[in-house]
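Undergrad: If you scroll down you'll find the structure; I have some questions about it.
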Amino acid sequence: MSTSINLAVIPGDGIGQEVVAQGLKVLAAVLPQDVKLETREYDLGAQRWHRTGETLPDGELEALKDHDAILLGAIGDPSVPSGVLERGLLLKLRFAFDHYVNLRPSKLFPNTATPLAGRPEIDFVVVREGTEGPYTGNGGSLRTGTPAEVATEVSVNTAYGVERVVRDAYERAAARPRKKLTLVHKNNVLVYAGHMWKNIFDKVGREYPQVATDYLHVDAATIFFVTQPERFDVIVTDNLFGDILTDLAAAVTGGIGLAASGNINPTGAFPSMFEPVHGSAPDIAGTGKADPTATVLSVALMLRHLGYEEQAVRIEDAVAADLAERDGTFRSTDRIGDALAARVAG
Ligand code: NAI
Ligand code: MG
């Protein structure tokens, strides 16, 4: 644990700006006096692209490497063609900084609404592979725009990439009380990648006899997320499956306004990046309706990653207490940020 945090901040677009301001407010309130917080803001996202045509210039990519961590709001706007910022900024960062663990915890807090009947206990974490699968840009199109167009999008899976994320998931499962790890894939159809994932999952599992294991096809997993979410503890899965499953997980645990994530490089070779799962929400930007809780919980993940466990727990407890007090009633972005900052400081 360092006595200073040198944080890069990318507020981004839309509500990204609004929620990051609250996340920083809570971070400043929770840190002990003797921990020095330095922040540098990076102007990246849709506005920058409109102004200069740049998404993530090399100079800024280099500068970002010098930080201990990155806090990101959200990137994207309907005025930018789909894929430009996702590929040119978000995915570029995840790949360049080798964020091979995409960590997405899902917890149903007391007094938050869930569409699920009977209020099951939900407390699981998805470890989504972050650097491979169908997201590598390995594809192309031929005869583009003609009736004879051909498009490929190849899913890349390496034994190296799968083993390191599977190993990370076993470590996380072994450290949790229930010690259960579920592999989600689709190895009855995607036989090449699926069998490699399963073989590596079984092989690494022999080193973790204390962890109970399970396997589910992704389609079955969507059923159990709704009918039996309490069966999950830690889930490890492919990049695309993890993307989709974690939106569903957010929907059953109080909504996208609460879903936090970390793009983690466990080796520490590059800074890890923490961000809410949601996007820039242009439909509510500027109205004060954005819930900053997902960003605040992402700050907690960041603190835990940097070794500030006590402060991370303090934030999570504050969120639980605040949600209980809110009891489903509307609070503005600022008001939630102020309430959480007051609780963690107290
Ligand atoms: P979105 O997550 O921005 O919004 C989906 C719905 O959830 C909207 O109705 C929105 O109002 C609501 N919502 C989202 N966050 C909320 C919050 N904190 N509090 C209350 N309500 C919230 O997803 P959408 O609309 O598909 O995408 C909008 C833009 O964001 C697009 O340009 C997309 O590419 C980008 N995006 C960026 C992401 C990122 O930066 N990591 C992730 C997802 C989308
Ligand atoms: Mg997504």
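Using the three backbone atoms N, Cα and C, a Cβ is placed for every residue, glycine included.
According to TrEMBL, the protein carries these features:
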- 6-340: domain 'Isopropylmalate dehydrogenase-like' (DOMAIN)
- R94, R104, R128, D219: substrate binding site (BINDING)
- Y135: site 'Important for catalysis' (SITE)
- K186: site 'Important for catalysis' (SITE)
- D219, D243, D247: Mg(2+) binding site (BINDING)
- G279, S280, A281, P282, D283, I284, A285, G286, T287, G288, K289, A290, D291: NAD(+) binding site (BINDING)
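Show me how these features fit into the structure around them.
TA: When secondary structure is read from DSSP and collapsed to three states, R104 (substrate binding site) falls in the strand class. Remark: R104 (substrate binding site) has V125, V126, R128, G242, T246, A249, A259, A260, S261, V277 as non-local neighbours, by Cβ distance under 8 Å and separation of at least 6 in sequence.
The Cβ of Y135 (site 'Important for catalysis') has L91, N239, L240 as same-chain neighbours under 8 Å, each 6 or more residues away in sequence.
Counting only same-chain residues six or more apart in sequence, the Cβ atoms lying under 8 angstroms from the Cβ of K186 (site 'Important for catalysis') belong to G194, H217, V218, D219, F241. In the three-state DSSP scheme, K186 (site 'Important for catalysis') is classed as coil.
Other Cβ atoms within 10 Å of the Cβ of D219 (substrate binding site) number 12 in total over all chains.
The Cβ of T287 (NAD(+) binding site) lies under 8 Å from no Cβ of any same-chain residue at least six residues away in sequence.
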Undergrad: Kindly point out which of the binding-site residues R94, R104, D243 have a C-beta less than 6 Å from some atom of ligand 2.
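TA: Among the binding-site residues listed, those whose Cβ sits under 6 Å from ligand 2 are D243.
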Undergrad: Could you check the binding-site residues D243, D247, D283, D291 and say which one's CB has the fewest neighbouring CB atoms inside 10 Å?
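TA: It is D283 that, of the binding-site residues D243, D247, D283, D291, has the fewest other Cβ atoms within 10 Å.
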Undergrad: Could you list the residues of the same chain, at least six apart in sequence, whose Cβ is under 8 A from the Cβ of G279 (NAD(+) binding site)?
TA: G14, A74, I75, G76
Undergrad: Taking the center of the Cβ atoms of D219, D243, D247 at the recorded Mg(2+) site, which other residues in this chain have a Cβ no more than 8 Å from that point?
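TA: Neighbours within 8 Å of the Cβ centroid, excluding D219, D243, D247: V218, T222, L240, F241, G242, I244, L245, T246, L248.
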Undergrad: Enumerate in sequence order the recorded positions R104, R128, K186, A281, D283 whose Cβ-atom distance to ligand 1 is under 6 angstroms.
TA: A281, D283
Undergrad: With every protein chain in view, how many other Cβ atoms are within 10 Å of the Cβ of A281 (NAD(+) binding site)?
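TA: Counting Cβ neighbours of A281 (NAD(+) binding site) within 10 Å gives 21.
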